[in-house]
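Reading through the structure tokens given below for one structure.
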Amino acid sequence: CSEGIDRIQINWHVYLFLSGAQHEPGYCVFYEECGRNPLLENTLIPPIVPCLNYTHAQPVTGEHYKKLKVCPMFDQGENNTYACCTIRQLRSLEASLSLSQAVLVRCPACAYNFAHLHCINTCSPNQSQTVKVTKVMNVTELNVTREAVVGYQAFISNTFADASFNSCKNVRIPATIGGYAISTMCGRYGAKLCTPQRWYDFQGDSSNGLAPLDIDFRLIEEGDATGVPEGVIPYNGHALMCNETTPTGGQVCSCQDCQESCPSVPPPPPVAPPFTLLSIDGYLVISIILLFLLILSFLLYLFVSYWVTLAAQDFLSSLFQIWGTIMATYPLTVLLLSAIAVAIFSAGLKNIELTTDPVELWSAPNSRARQEKDFHDTYFDPFYRTNQLILTAPGRKGQIYDSLLFGPQNFSGIMSKDLIIELLELQNRIQFWSDDLNRIASLKDVCFAPLNPNNPSLTDCAVNSLPQYFQNSLDNINAKVNMTELGVTKEVDWRDHLIYCLGSPLSFKDITDLGMSCMADYGAPVFPFLAVGGYEDDAFISAEALILTYSLNNYARSDPRFKVAMQWEKEFLKIVQDYQKDPSTNFTFAYMAERSLEDEINRTTAEDIPIFMISYAVIFIYIAVALGEYSSWKRILVDSKFLVGLGGILVVACSVLASMGFYSWIGIPSSLVILQVVPFLVLAVGADNIFIFVLEYQRDVRRPGETRQQQIGRVLGCVAPSMLLCSLSESVCFFLGALSTMPAVKSFALYAALAVLMDFVLQMTAFVALLSLDARRQDNNRCELLCCVKVSTQRPKKPNEGFLMPFMKKYYAPVLLHRYTRIIVYFEVGVPVYFVTKKGFNFNSVEGMNAVCSSVGCDQFSLTQKIQYATDYPELSYVAIPANSWVDDFIDWLNPESKCCRLYTSGSSIGQFCPANQTGFGCLKKCLTKPEDGIIRPTVKEFNRFLPDFLTNRPDLQCPKGFVLGLGAYDKAVVRDESGEIIASRFMAYHTPLTNSQEFTAALQKARELAYNITLSMRKVPGTSPDFEVFPYTITNVFYEQYLTIVNEGLFNISICLLPTFVVCCLLLGLDVRSGLLNLLTIIMIVVDTVGVMTLWGIDYNAVALINLVTAVGISVEFVSHMTRSFALSTKPTRVTRAAEATAKMGSAVFAGVAMTNLPGILVLALAKAQLIQIFFFRLNLVITLLGMAHGLIFLPVLLSYFGMDSLLYLLGTPSLHQFSAALRGGQLPSVLPVLLHSEYCYRWLFIVKHLKNHLCCSLDQLLGFSDGRNRDYSQCCIHIF
């Protein structure tokens, strides 16, 4: 009943007023304050409303006149100024304007226009001509009841409204990282959809918690009187443009806040167009031309022959023969000494240190990015840890919600109340026992709490998610209320609040009758792009994903709190994974923790160790089976080589352990990459050598009077130089690869080099001894695993060539080296980025502040302004959002027109800083006085005095500059030494969304170019140190810096590896440069083709790939060098027959020892779960092996058949063995010696020139007339020659 009476009274008063009031110049429609608006509750500021009073405008004098400085546009002199507001109204207006001034004062013209509008409505002496009261109500204050205005219409011309809006639309709030001030003043529309009408509508909406009454702004086109009451003249005063000075002395707005103030900046040069020739890709044209030149050169070469110098002979064969005989003679002693040596080296494993930190793995300590990271983390603490959960609900239908305030809205399936509540429950579940804290730990123990970093509670933690729009309160999510709008009453609930907050995340109060804040419970805004994903054109309600982001403090790894953070993340991942497995879960998850990358590296070992074990087991079984001779079913257990194969595997394992132990002794850390790659590499090298040695032994027949030990020594003397060639090439290659600046590549190269070297040493010792023991067992016809059991079937006298060699000899080599086949084969072939300043710049000087800031009076090419210019070309600069600036916000915070910086004027703290939330009359003095030119710049003393207060000022509504500035935004952005000098500071901008390594790399490069440009400008400021520097820092820089240099790094490392393969090949083949070059060419082709296939198969080129490419060089040596040496030492008369012999003999061993050893193990890796293993171990190693096999067994024999060294017999003019024999019998010893020196089976005749009589075979003695009767055991060699 009382509500009905009040409504009748309101309508009656409105009727009386409208019928009696006139819209005349010099008249007011309301005057003085009547008290609080009884229609409003839970407002952010007291809703004081004016009294209805149709009266003449009153003269303004004395204190009243002084206070009118709030509205300087009415000042006509103290004795000639009239207004429709009392001094109390002016104080309330000043307090209300101070809230907006704090964010608009950066642009004096905007602040002036904003005040201009509200001054016209509140104080204009012609108020009745622009305002029409629409709602009045009795208000009682101090027992006095008066009629108060609770609603009116304000008539504004579009010209004034548009100009005012345009002067304010680009004013920024630096601490919100590029956010616009107008986004806080346009309700749900935000800055992007804001218009003059929407801007004014929000200002006049009493439900926003700031407006004390309802104001219906009517924007009227000039000349259009439709809907305008008689006598009303829409206000059309002069609104300043943002590049104009204000009548009160305010300067033009800066470029960052006003595009009209920006200087003419030439656009950056466009990206260079692609290189073309005749409108075709120029590189393609050049490649085609080079291809034709190559073909022409090849065809020309077919008709040209030339002489080459013979290679000199080496002494290695005889040395290895002696060595092998000794090792085979004392096998047990050799095995014992080898085991002791390996044990000594391996003992260092007790000190092994595994590097799992990705930064330590991929970024060199002296690299630029690493030094910048260390500088940043030293002064600003490590970048906070990000843990993120992305949830979707595929298949869940959306709904259309007809909102009372916002009309029909399309809610996606995931935007449902039950899912939001489920997300809220999920984010509050993480608790665990911490041994480091000795208590139950939760998020508050490790979270990033920007507004209460010293003693945070759970609500202080920076958790960004959609439930934060409801302050993580279930009661707020469930809240609902009936609301009447334009005569329509409907229920409003969580959906209306959410729609509003997604459009206006900076609001402290929505415009619904729910009256809830949009700010997160930790006191900062949650921008929509941090809460939802999968939307288009800012249609956040239609988003397909919810995003939950926890920000944790980061600590040094030595800090106990680091373990607590890691444990929290582990629990986070566990809970999410358990939640995901729950069949009742309504979400589909994608998630990551800061530790995820490190966990993934560790997981490749934890989960895929069985896969690696299976891989090695398959390789072991293959080696054990393939090494057997199998001449008879009855001798399978005798002729098998199970123990020899096991011994070969143990040799590989011992070499790896010895290498790891040695480097652990001297303090070089290992990594999981080393544990996975080095054994594979050494196994490939070791297995190849084992096959070459064992197969050569099986194919050999013991000579008359020769012991088994001597036979083993002789066979070793034949093959060991080839084994040395490959092992030495690879070892030197990897030792030189340690020159790399990448820690992972460097440590891998060191470990691999020593492991390969140790593998060769153990093969020359332990494996020779093991083969000697096995040969002794086989000679006695004893079974391999049952040594006491003998078989009666004797070993055949005929050499065992196995399966592969006859196949290669009879079928593969003839087809491959056919005259036509040879020719065919030959030619078939969005993150944050900090701009960090170092010591040496005077921020406290006027010149220093101007060189950094971007507000009024700042340099047009200051630090922040240059970053702003870069955002105008995001496709080139990769900077999307300009930097926040503590200098700008500090200046604005000091501005006397805001309430942010005041001093106590009474009490025990007199003269000290007074926070804005302190009310009453105890803080009446501002920190600074307003200068005549309006440009606020503190003195050095004031700068140093008030900066600490600014950095620690807790945000509140009274200082809206503070809710996103000061504490939380900048408390850790400025670092000062004991004297107060700023030794480091940072300015945070944002990159454009970066999706691949190319974009991350380009963004890093462009950011460095921008920072260098800024550095040069700031060094020109007086007093700046010449070594002052600005650098960009992003947490990903240490990972992507490698891409800036990885091409050069890769070329350097691979070239360093290729060099020793060429040099060693030439030296060990007796300065055979041509064979060395052909060997080198084939290895280069393998590496180049591997890079090409990487592109086709989606394998990124990064540090892990580079490690594999360096490995590819080593494996390529195995495929190529054995073949090259076999060809070079062949005594066949033509290149084709020599290539055929090398393919049949050595090709079969290479195929069995390298290709067939690697392939089974590699194929097993296809079952690995980890993407790292799948891509960089399965794919890449499969490519390397297949390409190595194709080039080594297909391309290289053909290449040698065309370009290899000419036959020695041909060069001597004795192309047949008969002619050679005749030449020998004819006493042509000088012409014979080179042939002997190049004879593969007489390769041990290294001292033939110096010790001719002691080393010529018996048949040669007779031919040359020696008759000293000495018994020489070289008859088999001579028989072979003749």
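In case you wondered, yes, glycine gets a Cβ from its N, Cα and C as well.
Bear in mind that TrEMBL entries carry predicted annotations, made automatically and left uncurated.
Among the ranges 508-530, 531-553, 1106-1128, the one that TrEMBL lists as transmembrane segment is 1106-1128. In summary, the transmembrane segment (1180-1203) lies against the transmembrane segment (1077-1099): three or more C-beta pairs, each 6 or more positions apart in sequence, are under 8 Å. Counting only same-chain residues 6+ beyond the ends of the transmembrane segment (1106-1128), those with a CB under 8 A from a CB of the stretch are 311, 673, 677, 680-681, 684-685, 688, 692, 721-722, 725-726, 729-730, 733-734, 737, 742, 744-745, 748-749, 752, 756, 1046, 1049-1050, 1053-1054, 1057-1058, 1061, 1065, 1068-1069, 1072, 1075, 1078-1079, 1082-1083, 1086-1087, 1090-1091, 1138-1139, 1141-1143, 1145-1147, 1149-1150, 1153-1155, 1158, 1176-1177, 1180-1181, 1184-1185, 1188-1189, 1191-1193, 1196-1197, 1200, 1204-1205. Here the transmembrane segment (715-742) has Cβ contacts under 8 Å with residues 314, 316-324, 327, 362-364, 366-367, 685, 688-689, 692-693, 696-697, 700, 748-750, 752-754, 756-757, 759-760, 763-764, 768, 1042, 1045, 1049, 1052-1053, 1056-1061, 1064-1065, 1068-1069, 1103, 1106, 1110, 1113-1114, 1117-1118, 1121-1122, 1125-1126, 1146, 1240-1241, 1243-1244 of the same chain, all six or more residues outside its ends. Taken together, the residues in the domain 'SSD' (608-773) have a mean pLDDT of 79 on the 0 to 100 scale.
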